[in-house]
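Student: So TrEMBL has the following annotated:
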type	residues	note
DOMAIN	42-433	domain 'Amino acid transporter transmembrane'
TRANSMEM	78-100	transmembrane segment
TRANSMEM	137-159	transmembrane segment
TRANSMEM	171-188	transmembrane segment
TRANSMEM	193-211	transmembrane segment
TRANSMEM	231-253	transmembrane segment
TRANSMEM	265-289	transmembrane segment
TRANSMEM	311-335	transmembrane segment
TRANSMEM	355-374	transmembrane segment
TRANSMEM	380-404	transmembrane segment
TRANSMEM	416-440	transmembrane segment
């Protein structure tokens, strides 16, 4: 019976995960918890995963993409969105393949994951060894740390446009305390209603930016000079690289699914939807305001205050709280595992354990409140490796041998040309991102970041605020 089960797994039927999914659903149906709790709290379906991916992928970066267009120009801005959208979807697929491969191998060894959330560094450890684990852990945790910092900075930047009685630094203190409440959300499965609402919020904001900009029309003497400088060009490109690099939490989202093997194309479908939001909004705002965006990294700063704009600000604030949770939850898991409390059933104990994780995030958001430029810096130095280069290289090395390819749980898709086409795409991703994203992008974003420090200083009280308000 055991050998029969292994043969089925090797054939790619994922028997273990199917059974676990069925058992989970049966357990839920016999649970004494209310139906309302199941609807809002217990997610694990394909739809939940799609909402999580789409909601997490486009958050505050929606407001900085017009800024990137002013650096890149309209044509390059559109092309880079399409390119990095496809590349991001491809590497998310690779991560999903490696997750399924790792989990299937471990479940053949009778490893039980019911009280344990699998993470990316553990996948690398199981498939490639401790050195890959350490590299993955460093890049993933550092990226998610700064990803959380960016959400906190965005909260302060946005609320300032409807209430400037406090400076942005003060708002950062307040929202840091608010975001700390995410320690009480156990896992990605419990973000069901939040992911759904988050996507509605970003959809509203994207179409508000589009329609409001078109109705506003072009400002007098508008100029569209981008691309004007190489530094700005590659800074804008790496912000878009960052935009479609939200799949650093792919493994945690997959693990929250009842049947994670169904994840395969979810990220691609989510990316296609996200492009229907980012392309029209960024194009419309850049068309209306042109080079004015070079000094206004938050698109909301240029639109007149109306009830619709205030609604967009409030909705984005709520969404940034959600995205903060998405970015920080994997860090909570890592910290729990380090302290040995990850598998405890006490929610309060886990929440109290998680609180110290928020402190450095809070501190970094106060030191570097550079909304916009920080995205590009994180994109070039961290995202480039975390979600593009490392997954592509890990996939190639994992399936380098003929036996590994023969026994792979997930076969190379014929649509890309089998294993040859798959390796060709992986090599392209590694070379392109290393040269353009990390190389040129890293140089440009660091030059721009240092310029922000020279201009505004660290711990700046109110970044890009009108002078009479500072």
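Sequential numbering from 1, following the chain as shown.
Placed from the backbone N, Cα and C atoms, the Cβ positions cover glycine too.
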Student: Which residues of the same chain, at least 6 past either end of the transmembrane segment (171-188), have a Cβ under 8 Å from a Cβ in it?
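Tutor: Apart from its flanks, the transmembrane segment (171-188) reaches 43, 52, 117, 148, 151-153, 155-156, 159-160, 249, 252-253, 255-256, 317, 321, 324-326, 328-329, 332, 347, 350-352, 354-355, 357-358, 361-362, 365-366, 369.
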Student: Residues sitting near the transmembrane segment (355-374): Cβ under 8 Å, six or more positions beyond its termini, same chain?
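Tutor: Contacts of the transmembrane segment (355-374) (Cβ under 8 Å, skipping residues fewer than 6 from its ends): 60, 64, 67, 145-146, 148-150, 152-154, 156-157, 168-169, 172-173, 176, 179-180, 183, 235, 239, 297-298, 328, 331-332, 335, 445, 448-449, 452-453, 456, 458-460, 463-464.
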Student: With CB pairs under 8 Å as the measure, which of the listed stretches 193-211, 231-253, 265-289, 380-404, 416-440 comes out on top against the transmembrane segment (78-100)?
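Tutor: Ranked by Cβ pairs under 8 Å, first place goes to 231-253.
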Student: Given a Cβ distance threshold of under 8 angstroms, which distant residues of the chain, six or more beyond its ends, lie next to the transmembrane segment (265-289)?
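Tutor: Same-chain contacts beyond the ends: 46, 49-50, 53-54, 57-58, 62, 65-66, 68-70, 74, 77-78, 81-82, 85-86, 88-89, 92-93, 96, 202-203, 205-207, 209-211, 213-214, 216-219, 222, 224, 243-244, 247, 250, 296, 299, 302.
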Student: Who are the long-range neighbours of the transmembrane segment (311-335) in its own chain, taking Cβ under 8 Å and residues 6 or more past its ends?
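Tutor: Sequence-remote neighbours of the transmembrane segment (311-335) are 52, 55-56, 59-60, 62-63, 117, 119, 121, 137, 140-141, 144-145, 147-148, 151-152, 154-155, 158-159, 161-162, 175, 178-179, 182-183, 185, 187-188, 191, 194-195, 197-198, 201-202, 204-205, 208-209, 248-249, 252, 300, 342, 350, 353-354, 356-358, 361.
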